[in-house]
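Here's a structure for you.
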């Protein structure tokens, strides 16, 4: 039997199958399977998204990110029997399916055996102009062994890449063979979480150390990001990102490399989310909101990332007001611009263009430029400065001429 209901994601404490929108507008799944005696036999909670690259009819490559799991079904999920092991099966969107199989290795351990993902390029909304039509499946043999009485936990980002599909998983908790109907509180950590829990020794000092100044970084590479839902592309963003971090009086500058950065998000009538992640960034969230029913702006930025010393740096601010533009248009700023999230965290943007609402046919609408890009304001400033300088020169020349004339009369 499968139970489900809606609930907040973080800290919900519900042992149910849930599809929820959390505080950062991110989808999570929570699954509780019960046996014939209504005892829990499999428990899982996780977040995931998929990036798919496909070839179009004009021989170009397109990339879509699948993150909206709002219409998920769970047909085929089971606790297993004498012939087959436990299985989690999820169906969502237009022809997407995801399956993970478990096997019991010994009396003391089990294995997260294999993961498969299927997608259907016949869906022209998600895969416009796809050259090859049909259902495609990628399978990965993961073989992660877990003690039988432990729950597997991996908060870090896990990535599986094969063929043209990249699968992302994070905040994973799963126990495939629940004993006596009670989910274990003893966690078995993935390798990435083990390295993150290492405590970095702190050397005490009696003299406060000054804040170090980071060495200048070159301009970051510009990346293109998008979010796709059941209606097609719903968010577009193009930007170079440079992070300025001050932690324990040490300042650092980090350029985000779009080639190694994963992206996902979600779109809703009043809010939209773009989430970036990488091996060192757990998440960098840009949350947009609608105001006065006719404009949008960047309302919130949340970040959690791992620094070089192993510590975790986390900042959140939901009271921002940047990148303001009318609905139905995009916001553009080619010059360097700074988003001040806090005193310890700022984001420098370069060649920025973003449209989080009302994207039509996967293309940007007319852009509203930032004041930094508006060179027309420089014309009256330059003219005014030039006239002021000319007036000053004339006055000085006049005064010098008068002084010489006055000195001549004295001599006579």
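A Cβ is built for glycine as well, from the same backbone N, Cα and C atoms used for every other residue.
Take a look at what TrEMBL says about it:
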type	residues	note
SIGNAL	1-28	signal peptide
DISULFID	154-190	disulfide bond
DOMAIN	220-359	domain 'Lysosome-associated membrane glycoprotein 2-like luminal'
DISULFID	333-370	disulfide bond
TRANSMEM	377-400	transmembrane segment
DOMAIN	379-410	domain 'Lysosome-associated membrane glycoprotein 2-like transmembrane'
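Could you tell me the structural context for the features on the list?
Counting every protein chain shown, the number of other Cβ atoms lying within 10 Å of the Cβ of residue 154 (disulfide bond) is 22.
Per DSSP, the domain 'Lysosome-associated membrane glycoprotein 2-like luminal' (220-359) is made up of 3 helix, 98 strand, 39 coil.
Neighbour density for residue 370 (disulfide bond): within 10 A of its CB lie 19 other CB atoms from the protein chains shown.
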Quick check on the disulfide-bonded residues 190, 333: which one has the highest count of other Cβ atoms within 10 Å of its Cβ?
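Max Cβ neighbours within 10 Å, all protein chains included: 333.
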Measure from the CA atom of residue 370 (disulfide bond) to the CA atom of residue 190 (disulfide bond) and give the result in Å, rounded to a whole number.
45
